[in-house]
Amino acid sequence: MKQELVFEAPRRAMPPRHFADLDDGARVVAVTELGLPAFRAKQLANQYFGRLTADPAAMTDLPAAVRAQVADALFPTLLTPARQVECDAGETRKTLWRAVDGTTFESVLMRYPGRDGSAGRATVCISSQAGCGMACPFCATGQGGLNRNLSVAEILEQVRAAASELRDERGERLSNIVFMGMGEPLANYNRVLSVLRRIIAAPPNGFGISARSVTVSTVGLAPAIRRLADEGLGVTLALSLHAPDDELRNTLVPVNNRWDITEVLDAATYYARTTGRRVSVEYALIRDVNDQPWRADLLGKKLHAAFGPLVHVNLIPLNPTPGSRWDASPKPVEREFVARVRAQGVTCTVRDTRGREIAAACGQLAAEG
Ligand code: SAH
């Protein structure tokens, strides 16, 4: 199926205003509009970002008489979990969310218990758009097209829900956030930027998750990558490359017809140089499509020349998607690919894919109820 690239989301009504949509200044304005003293703004922020509460009825430091009014004005219920499925003995959990307007999208929570007494990790993979306009043919989300952008609060609510589940069920903290769910985060740039600021700000202004533990994954919108570099946030950038040559990448990642490999690597090296952070290059290994030894050599060569040590290749064994004729590469082919990339002086690992059997793995999110 050939699809058009969609950079601008269709103009759909956005959800009602939520506290999490507002920056510090706007929160003060909002509480004063309700006739409350300005210090309530900080209290509410502490509840939301610090205690992970979005229900004013449970905010005991708020006078009982104003809780209902605050709930109506600032804490509408934006997301309802429509379905949750688990695998890996409960270590991977996918949630299908339903927004106020019926829009659906998914997020995935993954726990990686620590070994030998070391601390474990918990990562939430969140969506930035309902659907996606980038039309990559091997990705289920890309095949469904773009429905709409998610609001700042709709994205933050996925994080808050994951963090509060972990705390309540396990007494654990959320350590990592990856923008690898549905959508192209850099096509919803301004909202994603606000979300990033709130994720990394210390409580009460944000969730206080360290910037280096937050990964923004992109198909390669070169100008937006440069812009993000200049914001000075220090989040990790992941670039979905999937091919080292334009001829193949034009078909696998259609946005390559707009910003080709040279341009996107230029932007990504600018990111690495500006932030000092290593860029993660994503490469879904597809049998007989992009897994040839010469492509491994070329990938390693190009990346080493562009980034020096500031790059890491993440191979993702292709996950099956409905109707796709493509398949993951056989293990020996994968091993040789890894060895050849490494031989060029570039670190390379194979991603441990989680959630295949519940269609929660990379490229499988389609938000089908
Ligand atoms: N739009 C962003 C965010 C999605 S991240 C991006 O493309 O980077 C999801 C990652 O999984 C991307 O690297 C994507 O290319 C990859 N992916 C998509 N479909 C896949 C599949 N079927 N198997 C393995 N990886 C896939």
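Just so it is clear, glycine is given a Cβ too, placed from its N, Cα and C backbone atoms.
Record features (TrEMBL):
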ACT_SITE  E106  active site, proton acceptor
ACT_SITE  C362  active site, S-methylcysteine intermediate
BINDING   C132, C136, C139  [4Fe-4S] cluster binding site
BINDING   G183, E184, S217, S240, L241, H242, N319  S-adenosyl-L-methionine binding site
DISULFID  C125-C362  disulfide bond
Please check the recorded positions E106, S217, L241 against ligand 1 and give me the ones with CB under 6 A, sequence order. S217
Within 10 Å of E106 (active site, proton acceptor), Cα to Cα, which of the recorded positions C125, C132, C139, E184, L241 are there? C125
State which of the following recorded positions has the fewest other Cβ atoms within 10 Å around its Cβ: C125, C132, C136, C139, C362. C136
I'm trying to understand the geometry here, so how far is the Cα atom of C125 (disulfide bond) from the Cα atom of C362 (active site, S-methylcysteine intermediate), in Å to the nearest whole number? 10
Largest tally of Cβ atoms lying within 10 Å of a Cβ, found at which of the recorded positions E106, E184: E184
At a 10 A cut-off on CB-CB distances, which of the binding-site residues S217, S240, N319 has the highest count? S240
What is the interatomic distance between the Cα atoms of S240 (S-adenosyl-L-methionine binding site) and the residue listed as 'active site, S-methylcysteine intermediate', given in whole Å? 11
Around the [4Fe-4S] cluster site (C132, C136, C139), what further same-chain residues have their C-beta within 8 angstroms of the site's C-beta centre? M134, A135, F138, A140, T141, G142, Q143, V219, G363
Which residues, sitting 6 or more apart from H242 (S-adenosyl-L-methionine binding site) on the same chain, put a CB under 8 Å from its CB? C136, R249, L252, V253, E282, Y283, A284, N290
In sequence order, the binding-site residues (C132, C139, E184, S217, N319) whose C-alpha falls within 10 A of C362 (active site, S-methylcysteine intermediate): C139, N319
Roughly how many Å separate the Cα of C132 ([4Fe-4S] cluster binding site) from that of L241 (S-adenosyl-L-methionine binding site), to the nearest whole number? 17
Cβ neighbours of L241 (S-adenosyl-L-methionine binding site) where a neighbour is any other Cβ within 10 Å: 26
